[in-house]
Each structure stands twice: as structure tokens, then as C-alpha cells.
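Undergrad: Next up is a structure, given as C-alpha cells.
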């Protein structure tokens, strides 16, 4: 079951259409069923990170610019987000970002075991109605797909501004037993982490609570 709705939104601008036509193939991960070779995808990079649902790509582009030795894979099914990522990659002259314009789960399945040093799931679609909760990304089956791909000791960050999703996701992570919650005090989830990059979506405060950030270490 998809954890996102329609993949179209507002029409792309002429510049965005040009980026999609001319640059997408350069930065897109090729479709297929075969395993991914991250070392070949990111020659010389020392670590590999994954961002699932990067939205307007502000966080991903900033992290890539601040961490040039890291190869970052971003997954985003919405075309406008992909176009914004391509624009950010070109404007910042990055060589350490690749994008996947579809559901993250099939791509994660193609990754080698214990290859990821870090993962971000920031403000995913909250599916706020109770009958929609089954569509939320953070479920036990999703963790079973993601966990084997992360190195022992790797970090995962989840953020949301929807209280029911915060409660549900935290319970899902902690109940799994393979994700160690790193909070030592309430400020650790109430305050943005030091390396967090605020996005335009986050600034809109569309949820029903203040943003929370949960950081986990992989066991």
C-alpha cells in the first residue's frame, strides 16, 4: 500500500520542465530489480545516507552541501519535489546526490545489507483521518525493510507535527526493539537537532502540534 497520495500537484514552471527533461536522467537512480552498487554510484564517498520523502529538497540539498564526503539518496514521488531537487543540485554544484522519483520501499529492497549510515524520515504524509492511518509510512513492515539496510550504530531521524503520528511512530520504533531512542530529556525531541535544516513545509506549521524530532541508533 502506498504511503503517499497523488504524485502531481501544481504545474511545473518552464524552468522546472527543462530541468526534468535535461537533468533527471543524470541524477535519477535507474529502474530495475538488480542490487544497487552504492560505491559505484558515489565514487570516493565515505558514507551513505537516505532521505525518504524530501519534499522541496531544502534539507537534502543543505545536508549534501555540508557533507561532501557523503553520498545521499533522496526518495520523493512528487514531481515538483524532484524538480526542486534537480534545481538545488545544479545551483549548488553537487556531485553527491541521487534521486528516486517513486515509492522508497522497492528501492530500499535493492540496497545491500548494512550499507546506510543515516536515514531521515521528516514530516511524512500524516494521513490524519483514523481510517487512513494504515497508509502511514512508519509501520512494523516498513521497519523490517529498512533495518537490515542500516549499519549497526547508524542513526535514523523521524520528525512530524501531527500528535497521533508522533505517538504511533514512537511506539512502533520502540516496540521493534532494534531502534534505540536517544532522547535523554524532553528538549531532545521538542527542540530541533543542531544539524537540522528547517524546510518551507515545516515552517507552515500545518499539523496539530509543535514539531517533534525522534533520533534513534540502530541496534
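Cβ atoms here come from the backbone N, Cα and C positions, even for glycine.
Feature list, courtesy of Swiss-Prot:
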type     : residues                     : note
ACT_SITE : 125                          : active site
BINDING  : 51, 76, 103, 125             : S-adenosyl-L-methionine binding site
BINDING  : 129, 161, 199, 200, 201, 202 : substrate binding site
Undergrad: CA-CA, which of the recorded positions 125, 161, 199, 200 lies nearest residue 76 (S-adenosyl-L-methionine binding site)?
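TA: Sorting the recorded positions by distance from residue 76 (S-adenosyl-L-methionine binding site), the top entry is 125.
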Undergrad: Below 8 Å Cβ to Cβ and six or more residues apart, same chain only. Which residues does that give for residue 200 (substrate binding site)?
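TA: The answer is 56, 58.
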Undergrad: Counting Cβ atoms within 10 Å across all protein chains shown, which of the recorded positions 51, 103, 125, 161, 202 comes out on top?
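TA: The largest 10 Å Cβ neighbour count belongs to 51.
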Undergrad: Check each residue in the chain of residue 199 (substrate binding site) that is at least six apart in sequence and keep those whose C-beta is under 8 Å from its C-beta; list them in sequence order.
TA: 55, 56, 58, 59, 122, 123
Undergrad: For the binding-site residues 76, 129, which Cβ has the most other Cβ atoms within 10 Å, all shown protein chains included?
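TA: Max Cβ neighbours within 10 Å, all protein chains included: 76.
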Undergrad: I'm trying to understand the geometry here, so how far is the Cα atom of residue 51 (S-adenosyl-L-methionine binding site) from the Cα atom of residue 202 (substrate binding site), in Å to the nearest whole number?
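TA: Here the two Cα atoms are 16 Å apart.
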Undergrad: Measuring Cα to Cα, tell me the gap between residue 201 (substrate binding site) and the residue listed as 'active site' in whole angstrom.
TA: 11
Undergrad: Of the residues named as S-adenosyl-L-methionine binders, 51, 76, 103, 125, how far apart in Å are the Cα atoms of the most distant pair?
TA: 14
Undergrad: Count the other Cβ atoms sitting within 10 Å of the Cβ of residue 201 (substrate binding site), across every protein chain shown.
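TA: Other Cβ atoms found within 10 Å: 16.
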Undergrad: Please report the distance from the Cα of residue 103 (S-adenosyl-L-methionine binding site) to the Cα of residue 161 (substrate binding site), rounded to the nearest angstrom.
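TA: With the alpha carbons as reference points, the distance is 22 Å.
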Undergrad: According to DSSP, does residue 200 (substrate binding site) fall in a helix, a strand, or coil?
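TA: DSSP assigns residue 200 (substrate binding site) to helix.
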Undergrad: Between residue 161 (substrate binding site) and the residue listed as 'active site', what is the CA-CA distance rounded to a whole number of Å?
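TA: Their Cα atoms are separated by 10 Å.
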